[in-house]
Structure formats: C-alpha cells, structure tokens
Amino acid sequence: MAIANESHQEEHNMQEHHGAGRYVVIWVVLLVLTLVTVFTGRMHLPDFGLLLALVIASVKGTLVALYFMHLSEHRGANRLVFGVSIVFVVLLIGFTLMDFGTRFRLANPPGSQYSDLQAVDIGANPAEGRTGGHQQQIKQQHETHE
Amino acid sequence: MTPSSSIAAPGAVVPGHEATDDHGHHPSYLTDGTTVKSWLLTVDHKRIGIMYMVWVLLFFLVGGIFAMLLRIELLTPGPTIMDAMTYNRVFTLHGIVMIFLFMIPAIPSIFGNFLLPLMLGAKDVAFPRLNLLSLYVYLAGAGFALWGMLNGGLDTGWTFYTPYSAHTTTTVAPVLFGAFIIGFSSILTGMNFIVTTHTMRAPGITWFKMPLMVWALYATSCIQVLATPVIGLLLLLVTAENLFSLGMFDVARGGDPVLFQHLFWFYSHPAVYIMVLPAFGVMSEIVATFSRKNIFGYRAVAYSSVGIAFVGFFAWGHHMFVSGQSTFNAGVFGVLSMLVGVFTAIKVFNWVGTVYKGAVEFSTPFAYFCGFLFFTVFGGMTGIAVATVSLDVPWHDTYFVVAHFHFIMVGATIMAFLAALHYWFPKMFGKMYHEGWGLVSAALIILGFNATFIPQFLLGNAGMPRRYYEYPERFQALNVASTAGASLLAFGFIIIAVYLTYALIYGERVDNPWNSKGYEWLTASPPPTHNFIGPQPTYPEEPHFYVDPNTGKGEVSDV
Amino acid sequence: MSSAHVTPGTVPGPKLAAHFASLEVQKHAARLGMWLFLATEILLFAGLFACYASYRFLFPEAWAASSRSLDLTMGTINTVVLITSSFTAAMAVHYAKEGKNKMVGHMFVLTLLMAIGFLVIKFFEYKHKFHIGTLPGRYYFYEGIQLPGAPLYFTVYFASTALHALHVVIGMTVLAFSTVRAYRVGDFNANNYTAVELGSMYWHLVDLVWIFLFPMLYLV
C-alpha cells in the first residue's frame, strides 16, 4: 500500500517534534538575507544586480518552503506539486522572454530598448496629453485610436 | 469455462452486487432522499455529477442554438436574419458558452465526478464539500456571464484579445468576470481529482491498475490546476483594463498586446487538452469493453495522457504565428506542437491494436468510437498542418482553422461525450435506451458533422476568413452545404434527447448491459449511496481485463 | 490498511470522515490539497511575474528609475514585518503540536497585528503615489520620470501589490478563524492541528510571494 506508507511516513515526520530553535534560526537567516539584498540592491550593480537579488530571494523562498511550510518533512506528491509549479512558472516566463528577445525590432512596443520607434505616450503631463512622443505621425495614430 | 460464459458473469465474486436483489434495504443514490434539499445540498459525488449534467446540457443547448443561428445567417452572402453587430455577439457567445460552460466541465465534471470514486473503489472524492462548492461556483460564474450576455453581450470573440476587448463598448467586464469565477470551479474539481487519485485508491489498485479514464482525468486535472490560474489573472487584468484603462497591454503606453496573447494561450492551449484528454480516457474504456479485449499497451496509453498534458504546455505559441511573435519562437513552438501528435498517435495506434482481432460488439458507444477515431486522426493531421508556420500563415483566421478545431472539439470531444453518455447511462440510471435509435442518431450525427465541417475546410482553403458576416457569392454553395450538415447534426441531437428522456422513464431495468468488466461496473447500477455495500471490493484483475477471444487466455486469473 | 498506528496514546484526534481509509490518509489528503491550492496561487502570480519580466526586459531604464522612486525604507520594514509574521505563524504550528492552545492564539494574534501593520504601511505608500502621480497607465502624471515604460512599471506595481494585499486579507481571515478556535475551543493538539498548519501554510505563501515581489519592485 504505497499511499498508506507515504501518508504514514509523512505523519511520522510531522509528529517528530523539533524545538522552536529551528524556527528562530530560519527567521534570523531570513532577516539577514533581507538586509543583504537591500545592501546589494542599493549598490545598483549593473546587469547582474536583479539576478543577484532574485538568487537571494530564491534562497529565502526555499527556506520558507522547506522549514516554515514543512516541505522538508513532507514527501513525494507534495514536493512534486511544488516543484512542478515552479517549473511551469519558469516555462511561462522563459518562452515569453524568448519571444521579446528574438523579435523583429519593429514588432516590439515603441519606446522600448528593442524598438526603433519612439514612445507614443508615457502618460505624464495630462494637460498636453503627450510628452514622450515626438513623432507627429504616431501621435495622430494614437488620437484616432482613442 | 468458455470465454463467453466468463464474460456473462462479470460480478460473480463481487460484494455490493447483491444489492440489486435486495432492493428495500439499500436504496440507490437516486432514491435515497428525494427532497429538493437532498439534491441541492448533497455531497454525494454521483448526485453532483448528475446536477452538473443537467446544467451542462442546458448550456450545450444554448451554445447549440447560437451555432444554428450562425449557420442560418451564413446561408446567404449578405444579411440573412441578423445584423452584423448581432452576428459578432452571437459567435462570441457561441464560443464562450461552448468552451467555458460546456466543453471544459462536460466530461470531467459530469462523468469524472460520477465515475472517479467508483473506478478507484472509493466512497467519495477526497473533498466532497469542495466538490459541491465547485458546482455552485460554476453556476455563479455562469450566472455572471449570462447576465452580461443578456445585458448587451460582447463582440470580442471568445479570445478577448486586447486592445479591442479593452476598448469595445459592449459588455465585456461581467462576462470576463464570470469566466474568472468559472475558473475557480475548474480548479476545485482538478484539485479534488488529483487528491482523490493519490489518496483514495482502494487496496489493490496501484497506479498501473487504475482504469485509463482515471489516468486521463488525472492528467486533465494537472492541466486545470497549473494553467487555470494564469487565465484567471489575465481575465482580471483585462477586466481592470476595460473598466479603468490600467494600460497593462496598451501599446500607447509601452504595453504589448502580444504579451496578452502569450498569457492567454498559456492557459487556452492546454485547455484544449482539458477538453480532449477526458475524451481519450472515455474512448480507452469503451474500446476495451466493446472489443472484449484488454487494452493494448496499457502503459503507453496511460503515459501518453500525462505526456499530452505536459507537452500541451509547450505549444501555445502556435496560435500566434501572425501576431508579431518572433519567428524564432514561432519555429520552436511549431516543432514542439508536433510532439502532441506523437503522443496522440500512440493512443490511436493502441486503440486500433485493441480493436484488432477483438470480438467487436457494434453498439452505440462503439459507433461513436468509430466516428471519434476518424475525427481525431483527421483533426489531428490538420493540426500538424496548421502547426507548420509556413502553412499556417495563409490558413490563419480562415475557416480552415475553424474546421480544424471543431474536428477536435466537436469531432473528438462531443463524440466521446455522447459515447460516454450512452455507455454510462445504464450505470447512472439503471435503465437502458433503445439501441436502434441510438445507432440511427449516431449515424446522423457523424454524417451531419462531416457535412458541416468538411465544407469549412474547403472554404478556409479557398480563403474565407472566420468571423466574417458577409462573404463573396462564390462561397455560397459550400456554406449552404455546411448549414445543411449542421441541421442534420441538430436533428441527431433532438433524437437523442427524445429517446434518452423516454428511457429515463420507461427504459428497461438493466445492471450491466455491456457485460463490462470496468471497476465502475462492479457495483450495482445505479450505485448505492456509498457506492459499495458491505466490505470494500477487491480488485484482483487489471482494469480492462477480458478473456482474449482468440486465445482464451486469461481464464486462470478469472478465478 | 491497518489502523493500528492511527491513534498513539490517548490524545483525542479529529473526526475521521467516512470516506477516508485512515486519519493519516485524511491528513495527507488535506496537505496535498493545500499544496495544490498553493501551486495555483504561485501560477496566479506567475502571470504577473511574466508581465513584469517582459516589461523589465523592454524598459530597463524606466524600471530602474521608477524603482528608485519607491520608498525603500518602507519596503524593507514591510519585508521584515511580513517575515516576522511568517515566523510567528510557524510558531503557532509548533505550539499547536504541543497542545498549547493559548500560545497558538497569541502567535496568531501577533501575526494578525503584523499583517495589519503591513497593510497600513502599504496604505501610506499608496497614498504617497496617488499624491505625486506615479500611477498606472493613463493616470500617470509624475514629472520626475519621463521615460517610456514608466507608467507601465506602476501598472505592474499596483496590480501585483494589490493582488498581494488581497491575499494578505484572505490570509488574515483564514488565520482569524483558527485564532478564535484556539481561544474558544482549544482543541488543537499533536493529533489535531491541520487547521493551524494549513492556515499557516497559506500565510507562508503570502510571505513567499512578497519575498519575490520586494526585490523585483524595490531593488531593480
């Protein structure tokens, strides 16, 4: 009875009582990592700044999932569910970014770093309505669009 | 013991069957409590399945009426019975009703709810109250959507593409919000099925002794759980965009409508497999039962369900070949889409391998299987064609695509839905319908379906775009043919409605008219409230076990 | 499927629903169901993360500039508050296993207070943005950042923080039920703490999402 075993093992692990110390340690580590990420974030590292911040966030997230959410004591299916959901998040973001990265430049939104067109409207200064678009032609297009 | 006699006594060693002899003590789920409250507040998965059936069939009728209105409108090149704006609304509502209200809940919520616990030897699904909740959430969402439709309707098409859906003056927000609510219902059902499959299997039912219907439902549920939240978020964003112009997909402010399409198809492509995977599951059950043979390649069929669910997530970009998506992405998605064909072909070959040298009993469900097989292969092959970037560019948004996805959604899913309805009708109600009329209507429907959609392939190939109100003179002959086919199809459905209603009241009492050995037939028909009476049944055999009609093999384990 | 190992000792357990084989399986099912639900929540936010990633990719300058217009101090305080509230929620599970119902209640009250604190800080951040005009889409009127994509940043900002705040409120409702039960009924013990555990799992998810939103929004 695989399922009975799995349930039993999980129950057994959950029954095993840890001291509160473990939670305190995780809490302190999370706070330290938060300070680290704020510190490195304020350095405004070029290029890999966001990457570093996301790596730190992933470490923090993993700690929360493993210890606060007890994933380290759960088994089989629960871990699989969590893992698979992360894989699909990566899939969604990955394929979408791949599209923007490899697109025909004129198909990207105007004003973006991968487009040769200038922005139509960035929304500031509502009195004039348009401050970002310098091309009369595009402005007109936008007005007919509205 | 001859093979046929062993088939004739399917439930000899099974507890719970005595219930049929012993009527007074163990009422079936249908007669155990007859008040309205006992139905509306039930947590019995079987009653919930039946209530789903009532509503889903009602919405099928609504969607079908919209479809007929469309076909009547397209009888002539110019205006026929409605104006252009009404036409836009009608095709949108046809799509929304058929997809969100009929197709997605159809097989999982009706037959899945009814059968999954029976097939796993469980007394109920894991979370019976969530199951009831999912029904009411579905009805609440449907109510919202219908309210929006009655208050003006919307003309965006069921895909709600921005920027149009953000700017149109028609009633977009309530319908989108309704679809968002229905998503919760779908998620609840999916969660329930996954947990049920993991935790409620009876002793003896290991993963590879589960009926293939369960595998299909499991794979479907995975898609429901993983994909539905993304469209939930997206529908919220578009609702907000429509009401407050937040500008998430607004080109004027740097937004990208193609990003909307990415998120939309991340759900809506796998949603095709939410619709079609349960159909594959139904057919795996039916092909074994009516060929009197164990399914050929059980593991291959089981794995391919999960495979389709997985690969289905890698294919969404093939809806966006002409949207401005990068050609690189288009190529990648095109190639990955074809993997779905590989897994589907595995199933098709295994079904054919099952029928081969089987003792085929050509009843109504099997007739639908034959139709299904043709439609799946034909729809699948045209799917490979439209997944090819160079071919899709001219075919995109033409009737070719319309015909292709109707071949899969109607051809495969509705054939399977009807097959399931006929196959499990005796299980659900303990009554038998008129087999002759069943075959007649099956023939009508298969014929009518071909007559409806094969002309549409030709129209699309000739260049007729989809969603157009008017068309040139030269397309009229094929459009008339398509409308004629649709009428035939509708006529077939009317016949079914009549004889099934008749059978419900006057039908002959039966228990297991097919002599099926599926797990769900091990209990009485209709099943008692807690599915089984007495000790939990044991499952010594494989789920699709039949004595081989050629070799007579299998009698030993029959004992 | 023997039930010999179901009830260790004399501790009263929760009710076994008729359709489950044993209590262990019932708890396992509850946890698995919760994990599946959390997976849907993760994918819900994934849609927003995809929007974020795409537009960050397209408008890196506007993203950096807009991110710097946020109040990092308030964001950091909020992160610390939420992590600490997550810690107290974890401690509630710890005490529930020991049967100390009073402490479970206290821990959840602390969690709820911090949740309210989080929302209050968020409110002041929002108020400031409404004041200076860093608002989504066409409502944007901030003169300080005149870069294409800046209004889009605030669309993403408001959409994701608002959705997260909604989850904070839902999580608070869930925890409030367990708090009342811990104080009034007091029936949590080593055998019966599923409600506390699942509620706190939900709260950890709210924390988990914020752990990612914080660097994404404040530290680009």
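Using the three backbone atoms N, Cα and C, a Cβ is placed for every residue, glycine included.
Unlike curated records, TrEMBL annotations are generated automatically.
The domain 'Cytochrome oxidase subunit I profile' annotation in TrEMBL covers B:39-540.
According to TrEMBL, the transmembrane segment annotation covers B:50-70 (among others). For the transmembrane segment (B:50-70), the residues of the chain that approach it from at least six positions outside its boundaries are 39, 81-82, 87, 90-91, 93-94, 97-98, 101-102, 105-106, 109-110, 113-114, 135, 138-139, 142, 428, 486-487, 490, 493, judged by C-beta separation under 8 angstroms.
For B:90-118 (among others), the entry in TrEMBL reads transmembrane segment.
If you look up TrEMBL, you'll see B:130-150 (among others) marked as transmembrane segment. Note on the transmembrane segment (B:130-150): residues 41-43, 45, 48, 51-52, 55, 59, 89, 93, 96-97, 100-101, 105, 109, 113, 171-175, 177-186, 188-189, 191-192 of its chain, located 6 or more positions outside it, place their CB under 8 angstroms from a CB of the stretch.
Taken from TrEMBL, the feature transmembrane segment covers B:170-195 (among others). Listed by sequence, the residues of this chain that lie at least six past the ends of the transmembrane segment (B:170-195) yet keep a Cβ under 8 A from its Cβ atoms are 89, 96, 100-101, 104-105, 108-109, 112-113, 116, 125-127, 130-131, 133-135, 137-138, 140-149, 151-156, 160, 217-218, 220-225, 228-229, 231-232, 235-236, 238-239, 242-243, 274.
Look at TrEMBL and you will find B:215-238 (among others) tagged as transmembrane segment. Proximity of distant same-chain residues to the transmembrane segment (B:215-238), defined by a Cβ-Cβ separation under 8 Å and at least 6 residues beyond the stretch ends, is recorded for 108, 112, 116, 160, 162, 165-166, 172, 176-177, 179-180, 183-184, 186-187, 189-194, 197, 246, 248-249, 260, 263-264, 266-268, 270-271, 273-274, 277-278, 280-282, 284, 301-302, 305-306, 308-309, 312-313.
The transmembrane segment annotation in TrEMBL covers B:264-284 (among others).
According to TrEMBL, the feature transmembrane segment maps to B:296-316 (among others).
Positions annotated as transmembrane segment by TrEMBL: B:328-346 (among others). Remote same-chain partners of the transmembrane segment (B:328-346), defined as residues 6 or more beyond its termini with a Cβ less than 8 Å from a stretch Cβ, comprise 280, 297, 300-301, 304, 307-308, 311-312, 314-318, 320-321, 376, 380, 383-384, 387-389, 392.
Positions annotated as transmembrane segment by TrEMBL: B:366-391 (among others).
Tertiary proximity for the transmembrane segment (B:403-425) is limited to same-chain residues at least six positions away from its ends with a CB under 8 Å from its CB atoms, namely 98, 103, 106-107, 111, 114-115, 272, 275-276, 278-280, 282-283, 285-286, 289, 363-365, 368-369, 371-372, 374-376, 378-380, 382-383, 385-386, 431-433, 438, 442, 445-446, 449, 452-454, 456-457, 459-460, 496, 500, 503, 514, 520. Annotated transmembrane segment per TrEMBL: B:403-425 (among others), in sequence order.
TrEMBL lists B:437-458 (among others) with the feature transmembrane segment. Sequence-distant contacts of the transmembrane segment (B:437-458) (same chain, six or more residues past either end, CB-CB distance under 8 Å): 71, 363-364, 367-368, 370-371, 375, 382, 399-400, 402-404, 406-407, 410-411, 415, 418, 422, 478-479, 481-482, 484-493, 495-496, 499.
Per TrEMBL, transmembrane segment is recorded for B:478-505 (among others). With a threshold of 8 Å between CB atoms, the same-chain residues lying at least 6 positions outside the transmembrane segment (B:478-505) that come near it are 64, 67-68, 71-72, 74-75, 418, 421, 425, 429, 431-434, 437-438, 440-442, 444-445, 447-453, 455-456, 458-459, 462, 471.
Residues of the same chain lying 6 or more positions beyond the ends of the transmembrane segment (B:90-118) and with a Cβ under 8 Å from any Cβ of it are 45-46, 48-50, 52-53, 56, 59-60, 62-63, 66-67, 69-70, 73, 82, 124-125, 131, 134-135, 138, 141-142, 145, 149, 153-159, 175, 178-179, 182, 185-186, 189-190, 193, 196-197, 200, 213-214, 217, 220-221, 224, 271, 274-275, 278-279, 281-282, 409, 413, 416-417, 420, 424, 427-428, 467, 519-520, 523, 527, 531.
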